[in-house]
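Taken straight from TrEMBL:
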| type | residues | note |
| --- | --- | --- |
| SIGNAL | 1-28 | signal peptide |
| DOMAIN | 43-110 | domain 'P-type ATPase N-terminal' |
| TRANSMEM | 85-101 | transmembrane segment |
| TRANSMEM | 107-126 | transmembrane segment |
| TRANSMEM | 304-326 | transmembrane segment |
| TRANSMEM | 353-377 | transmembrane segment |
| ACT_SITE | Asp425 | active site, 4-aspartylphosphate intermediate |
| BINDING | Asp425, Thr427, Asp880, Asp884 | Mg(2+) binding site |
| BINDING | Asp425, Lys426, Thr427, Glu567, Phe614, Lys637, Arg671, Thr752, Gly753, Asp754, Arg854, Lys860, Asn883, Asp884 | ATP binding site |
| DOMAIN | 906-1156 | domain 'P-type ATPase C-terminal' |
| TRANSMEM | 941-958 | transmembrane segment |
| TRANSMEM | 970-990 | transmembrane segment |
| TRANSMEM | 1020-1046 | transmembrane segment |
| TRANSMEM | 1058-1077 | transmembrane segment |
| TRANSMEM | 1089-1107 | transmembrane segment |
| TRANSMEM | 1127-1146 | transmembrane segment |
Amino acid sequence: MAGGRIRSKLKLSLLYTFGCLRPTTVEGQEPQPIQGPGFSRTVFCNQPHMHKKKPLRYRSNYVSTTRYNLITFFPKSLYEQFHRAANLYFLVAAILSVFPLSPFNKWSMIAPLVFVVGLSMMKEALEDWRRFMQDVKINARKTCVHKSGGVFRQRKWKKISVGDIVKVEKDEFFPADLLLLSSSYEDGICYVETMNLDGETNLKVKRSLEVSLPLDEDESFKNFMATIKCEDPNPNLYTFVGNLEYERQTFPLDPSQILLRDSKLRNTTYVYGVVVFTGHDTKVMQNSTKSPSKRSRIERTMDYIIYTLLVLLILISCISSSGFAWETEFHMPKMWYLRPDAPENLTNPPSPIYAGVVHLITALLLYGYLIPISLYVSIEVVKVWQASFINQDLHMYDDESGVPAQARTSNLNEELGQVHTILSDKTGTLTCNQMDFLKCSIAGTSYGVRSSEVELAAAKQIAVDLEEHGEISSTPQSQTKVFGTWDSSRTQEIEVEGGDNNYHTPRAPIKGFGFEDIRLMNGNWLRESQPNDILQFFRILAICHTAIPELNEETGKYTYEAESPDEASFLAAAREFGFEFFKRTQSSVFIRERFSGSGQIIEREYKVLNLLEFTSKRKRMTVIVRDEEGQILLLCKGADSIIFDRLAKNGKTYLGPTTKHLTEYGEAGLRTLALAYRKLDEDEYTAWNSEFSKAKTSIGSDRDELLETGADMIEKELILIGATAVEDKLQKGVPQCIDKLAQAGLKLWVLTGDKMETAINIGFACSLLRQGMRQICITSINPDGVSQDSKRVVKENILNQLTKAVQMVKLEKDPHAAFALIIDGKTLTYALEDDMKYQFLALAVDCASVICCRVSPKQKALVTRLVKEGTGKTTLAIGDGANDVGMIQEADIGVGISGVEGMQAVMASDFSIAQFRFLERLLVVHGHWCYKRIAQMICYFFYKNIAFGLTLFYFEAFTGFSGQSVYNDYYLLLFNVFLTSLPVIALGVFEQDVSSEICLQFPALYQQGTKNLFFDWSRILGWMCNGVYASLVIFFLNIGIIYSQAFRKGGQTADMDAVGTTMYTCIIWAVNVQIALTMSHFTWIQHVLIWGSIGLWYLFLALYGMMPPSLSGNIYRIFDEILAPAPIYWMATLLVTVAAVLPYVAHISFQRFLNPLDHHIIQEIKYYKRDVEDARLWTRERTKAREKTKIGFTARVDAKIRHLRSKLNKKQSNLSHFSAQDAMSPRSL
């Protein structure tokens, strides 16, 4: 608290010019009244009771992200279940089974349906319960709320109302959207972290109105009353329009006074605010989307298969009913045993149409086994097992945080294997939110020998790739030696030609400082050729900022609370170089300068005269100070393109080498800034400051323009001193993961709230961007006004940019050319409108990578929706903050990262992982496996049910469409429940075409899912035809073998039960042998379940036959007395089984010989151990297994190799040319 009081004495608004200046009110210039559509909200401050009645009764602060509640669960969940075609059919069948026309017992239809639907509903309820518990946790948070009489009490968030006065303390989240009234600082400044809103880690500065500054303690709110009139709830995070009416005056409000829910108070002891928006009216909730009900593409395709089978079912039922009507009218009068003289309703020859219609119901139920009732429940069981394998995968367990991967829903397992586009957040997802000062260029000399993570990983990949191609020279001097692993740990080093290890000295890691170069450390910079320039460089680092120092009593070192991580890393670097910023007062900054290794320390004071802070438009920051000698200095840092344009003629001494170094730093994936300075005369500064002060105190729409003009007047004639290179530290393994995903054929879009420059630097860091890649930047012009004509001009300009870009991409003839699309949020607002969004999408699809900057959570969701609906391909969104929830819910698959930004993204996700790098295994391994398992499982399900169900139709036709089943009722019940269900579950749970290591080594295998090779209609129809063939073979071969000859030793023929049991035995053998041929990977579990299912059939047949005739009926002793002693039974089983699976064996044999798939080749190589015997063959196959990609390390390496080969060819061509000229010279002649 003491530190807070010390800092509170600073009037920080004096440090800011553009964002936080509070202009004085000019008489006669009153705020415009807020009225009209969209501006109807009225808030009575400190009077929440006024908002309990309409029309001022606003939403409560209770938030809910669940899909159901107690009232809607059953109707909505039942709708979801019976939205499935098969479940709807079984519901109708269960209702019809109650009537006497059913050929089966009613419970045989009702019980499975209740079990399947109930299990699915329980799973949905469990998943929604987790969301509910997270909501309860958030709603139960507490904050201080003004009760009455200047007394504040703790109150739960959900009980906060519009108009309440809230006191929020340091490091607490804001419970609602608040209007800032005052803070612990005298001038009402506070720092806010908006990471959960826009993903940015740098702190935002907010300011209160000057009129509310006296409200700085609890007692001051005893009689406080005011009225706010403002805009209605909307999702715009960066805008706010309103007025505050207080003490008979009206004051304008803007976004700099609004504290948004889910942002956090930082570096400020406390703030007071009044609640403006609550609950789902807050801007963060307005940006959220409802939790959707997601279904995989395979499941949706499965519905169409069900529809196809329903059409087939109705067709054969109509044939059956027509046949029965024909038999009733023409043949039944001759069937004396049916008593045609005393007919029943169903066998009345004069009424064949009635008999046919009634028989149709019987047929629909009888042939219902064409529709696999156990399909959905089997899939649910399989998916739960698959999800448990994902949860227990130790390769996706993060040791540092102790967080495993988690499949939060099992509905989308197979969808993981069909992803086409990944849409990723940046901050906290790709990066660690940690900046390290790594390199710098001072006076034309580059310092810093430590390699960036991009350089380390790229060098290793180049070495591996060159070795695979056999292109590494055996000459030691020409080799690039790489030590370390893909983990890119800090101990890794790259030894390159000409490297000097004397520049490197090991030391303990320092947060924000990864620099290593003995030339600048411990005062050694004094021995460099330009020590004065180096001194000026260090002083710029230590002075040009807005940070606040805080002493760490444990270490004795100062840490810094800065607006951006870059600033904090600069100050850490200055401290380590010997220039420690340790104190800030209202008008000065104090630096401890250590000039040598001896430890001599000099404290210097620099008076801050002006500060022109960094904005996304200015792209630079300037501080004007007066040193102890009275010299006025202008110190500036910013984007190189901005700084270079403002250099004096004599300030370009180091421009050439600095530009070269900046290019090298950019290639290494580092974020760069140029540093420059200027000495000012007293008269020049006094004249400029007078004009600039007028601009600061002006009021009007042109104020910002006047400030920009004033800044430009002084920020010129600069002297370039050098540049910094900071590494935005990527999460462990991010570049390698992106490279592997690119090799698997996936596209990656980055959607971030960060500035364009930051996003571009990260793009280079993770190889989404690279040197030589053409960047297409789509930006919007600044309109002169807000009229419709101005907006039309902006839209036409953006459309023109899109059109030209599309033409440029299409006209490009170089097959290796790569394009990157970069667009900001303001431009994206127009690009996502209906009349332009498909042109934007067409361009984005043709580009190798897409980066969207400064986007709001709502825009993230809209972009995700556009990609999903516009391409028709599977999309995956991944993020770690509340600002990513919208796109996570909108995408086909949402993946949340359990990082430092809370659990909102995880709670809204379908899958959660601890770090981005685990996405590689989640997709390439588990996605590939789950897709093939589910696809093969469903195809096999339809195969076996068609093979079984059609035999019922053939037999009914064979017996005059009598409605008679050839199988015993218990056979029908056992078929899907026991005898064929367990092997198919084993297929869905344990099948592996290749191992996980092979999946990672051959990422192109993933394209089998993206191209849907195993569940397209040709594959589905092929399995259906296989089922039809098997049914024909099973029925007609059995009838042909058994019908016209003796079945038993005594000459007895087979009765219907013997025929049915023999036929059923053949079906059990055929479908189980078929699934054994389908599997590629066997364990003892598969063997037990497949062959055990066949054994279970014989065991059941023997035991059931031993029961008394009152229970077993015609099956009494059928196995041991009739079937087992008959050789024809065993011969028919063998012959029919072989004939039933013969086409599949022939198909798979021809495919493996003539047109093998990728996994067939790999399986054969592994089976014959060719990978061990011939390493070159294995390496060649791995190289071929990469999808052609233009992003990632592989693309960067390929581009580097092409560049080296081009240079080599050019040298050889020049040598040949000179040799030819030399041969033609007179001397040679």
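Cβ from N, Cα, C; glycine included.
No curator has checked TrEMBL annotations; they are predicted automatically.
The transmembrane segment (1089-1107) makes contact with the transmembrane segment (970-990), as judged by at least three Cβ pairs under 8 Å among residues 6 or more apart in sequence. Most Cβ pairs under 8 Å to the transmembrane segment (970-990), among the stretches 85-101, 353-377, 1020-1046, belong to 353-377. The Cα of Phe614 (ATP binding site) lies closest to that of Thr427, out of the recorded positions Asp425, Thr427, Asp880, Asp884. A distance of 8 Å separates the Cα atom of Gly753 (ATP binding site) from that of Thr427 (Mg(2+) binding site). The Cα atom of Asp880 (Mg(2+) binding site) lies nearest to that of Asp425, taking the recorded positions Asp425, Arg671, Arg854 as the candidates. In the predicted model, residues of the domain 'P-type ATPase N-terminal' (43-110) average a pLDDT of 82.
Arg671 (ATP binding site) is 15 Å away from Thr427 (Mg(2+) binding site) when you measure Cα to Cα. Outside the transmembrane segment (304-326) by six or more residues, the chain places 84-86, 89, 352-353, 355-357, 359-360, 363-364, 366-368, 370-371, 938, 942, 946, 950, 953, 956-957, 960-963, 1020, 1024 with a CB less than 8 A from a CB of the stretch. Within the same chain, residues 84, 86-87, 89-90, 93, 96-97, 99, 101-104, 109, 112-113, 115-116, 119-120, 302, 306, 309-310, 312-314, 316-318, 320-322, 324-325, 328, 345-347, 938, 941-942, 944-946, 948-950, 952-953, 956, 961, 963, 965, 972, 975-977, 981 sit at least 6 positions outside the transmembrane segment (353-377) and bring their C-beta atoms closer than 8 Å to a C-beta of that stretch. Cα-Cα distance from Asn883 (ATP binding site) to the residue listed as 'active site, 4-aspartylphosphate intermediate': 9 Å (rounded to the nearest whole number). Phe614 (ATP binding site) counts 25 other C-beta atoms within 10 Å of its own C-beta, drawing on all protein chains shown. Using a 10 Å Cα-Cα cut-off around Asp884 (Mg(2+) binding site), the recorded positions Asp425, Arg671, Arg854 reduce to Asp425. When Cβ atoms from all protein chains are considered, those within 10 Å of Asp884 (Mg(2+) binding site) total 34, not counting its own.
A separation of roughly 18 Å, to the nearest angstrom, links the Cα atoms of Arg671 (ATP binding site) and Asp425 (active site, 4-aspartylphosphate intermediate). All protein chains shown were included, and the count of other CB atoms within 10 Å of the CB of Gly753 (ATP binding site) stands at 28. Most buried of the recorded positions Asp425, Asp880, judged by other Cβ atoms within 10 Å, is Asp880. The Cβ of Thr427 has fewer other Cβ atoms within 10 Å than any other of the binding-site residues Thr427, Asn883.
Arg854 (ATP binding site) is 11 Å away from the residue listed as 'active site, 4-aspartylphosphate intermediate' when you measure Cα to Cα. Taking H, G and I as helix, E and B as strand and the rest as coil, DSSP gives the domain 'P-type ATPase N-terminal' (43-110) the counts 30 helix, 3 strand, 35 coil. Cβ neighbour count for Arg671 (ATP binding site): 23 (other Cβ atoms within 10 Å of its Cβ, all protein chains included).
Cβ neighbours within 10 Å of Arg854 (ATP binding site), excluding its own Cβ and spanning all shown chains: 22.
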